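Okay, structure first, notes after.
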Amino acid sequence: MTRMQESADLLKCSFCGKSQKQVKKLIAGGGVYICDECIELCNEIIEEELNSSAAEAKDNGDRLPRPSQISAFLDKYVIGQDDAKRILSVAVYNHYKRVRAEESRTTHKRASEEETELQKSNILMLGPTGSGKTYLAQTLARLLDVPFAIADATSLTEAGYVGEDVENILLKLLQAADFDVQRAQRGIIYVDEVDKISRKSDNPSITRDVSGEGVQQALLKILEGTVASIPPQGGRKHPNQDFIQLDTSNILFIVAGAFAGLEKVIEERRGKKGIGFGAELTTKADTDAVDVFRDVLPEDLVKFGLIPEFIGRLPIVATVNNLDQASLVKVLTEPRNSLVKQYQRLFDMDRVDLEFDPEALQAIADLAIDRGTGARGLRAIMEELLVPVMYDIPDREDVAVVRINEAAVRGLQEPEMILHSQKDEEEKTA
């Protein structure tokens, strides 16, 4: 018995030297022994090294673009709006730096009470229709390769009323991410027409404002960050259905609207409105010259109809301006996927060249300005102009060039069709 005890005492872990009695388990193999404590320590070391290697590989292969690179990418697709591009570039860069810091902290389990916690900063965009708000957000998502969803605030209602729940916004993001929850939790959600959900009145009412203040209240939690329960099929929730849990803490929300009438609120606050001999007179030219949205303060937005809690969750404000004629002409011609290049490509498939006179492009821009549709209305104008030609061209093998001049845009004449024989003569005389 004594010999057996001595032999048990002689069995020791080959790594830490502890005897069999000092550990829970001692595993033997090939003349060596290892205890359960050393096995656990080895597992921790291996896991830490694997996580470190994975994080390093991700950083090397998936570097976050710098603000200057983000802005340069936006320049390729979006004309003008330099101030908005700068603000958005910095905001998006800081947001995804924060996301990566949170992921790194979670992976390495280094959450410390002394470590500074970075709060999420969502974005509010102010600007007229057709100025590029939606396109800026779409282009950002394409650059960052993250899921992107667009929601219309006017279709939302408070939970329990006819209309869409705010959770349906998150469902759209999940669908854009092919129901990959981890990927969706790093996405971007663009909520348009948010000015339409302003409070109907500052005065309390006996009727509930389910599509105004009620929607703002419902949006608060998902803007700030919460774990939302999403019905996979959409629609209203009911107790006997499965839900997908989605954490909105790292989802970037870009909330936008035209905010028509906000400029009057800002001007009143700045003291530009008054009565009597001391009142300051302003002309339309003065109003056009000054971008009053740049001077917007939270108190102006509250007076417009947004609740203070909602404004507080949108600390970054970017303003976009109306596009003038020169900017709209650039929108037509300069971006990689400009409308002129797209239609030229369509005509090229029928072996026909499409040409625009400079005056024709200016006339198209003027029409968009007159209609008040901005860049968004350019495609409709181009369609109206080119559909009759695109109808005839496939049946006309003799046409070499379609030339658009100002008179054609104004509807004073048909677009000019140049035949192959005429083109050959022009080239000979040239």
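Cβ coordinates are placed from backbone N, Cα and C, and glycine is handled just like the others.
Here Swiss-Prot flags 1-54 as domain 'ClpX-type ZB'. Residues annotated as Zn(2+) binding site in Swiss-Prot, with sequence analysis given as evidence: Cys13, Cys16, Cys35, Cys38. What Swiss-Prot lists as ATP binding site is Pro128, Thr129, Gly130, Ser131, Gly132, Lys133, Thr134, Tyr135.
Features per Swiss-Prot, on structure.
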residue : record              : contacts (Cβ under 8 Å, 6+ apart)
Cys13   : Zn(2+) binding site : Ser19, Val23, Leu26, Tyr33, Ile34, Cys35, Glu37, Cys38
Cys16   : Zn(2+) binding site : Cys35, Glu37, Cys38
Thr129  : ATP binding site    : Ala258, Gly372, Thr373, Gly374, Arg376
Ser131  : ATP binding site    : Gln81, Val320, Asn321, Asn322, Leu323, Gly374, Ala375
Gly132  : ATP binding site    : Val78, Ile79, Gly80, Gln81, Val320, Leu323, Gly374, Ala375
Lys133  : ATP binding site    : Met125, Gly127, Asp192, Ala256, Val320
Thr134  : ATP binding site    : Ile150, Tyr190, Asp192, Ala256
Tyr135  : ATP binding site    : Tyr77, Val78, Ala375
**Message:** Using CB atoms and a 10 A radius, I'd like the single residue among the binding-site residues Cys35, Cys38 with the highest neighbour count.
**Reply:** Cys35
**Pro128 (ATP binding site): tally of other CB atoms within 10 A of its CB** = 17
**Request:** Output, ordered by sequence, the same-chain residues six or more apart from Gly130 (ATP binding site) with a CB under 8 Å from its CB, or 'none'.
**Result:** Leu323, Ala368, Gly372, Thr373, Gly374, Ala375, Arg376, Gly377
**Message:** According to DSSP, does Cys38 (Zn(2+) binding site) sit in a helix, a strand, or coil?
**Reply:** helix
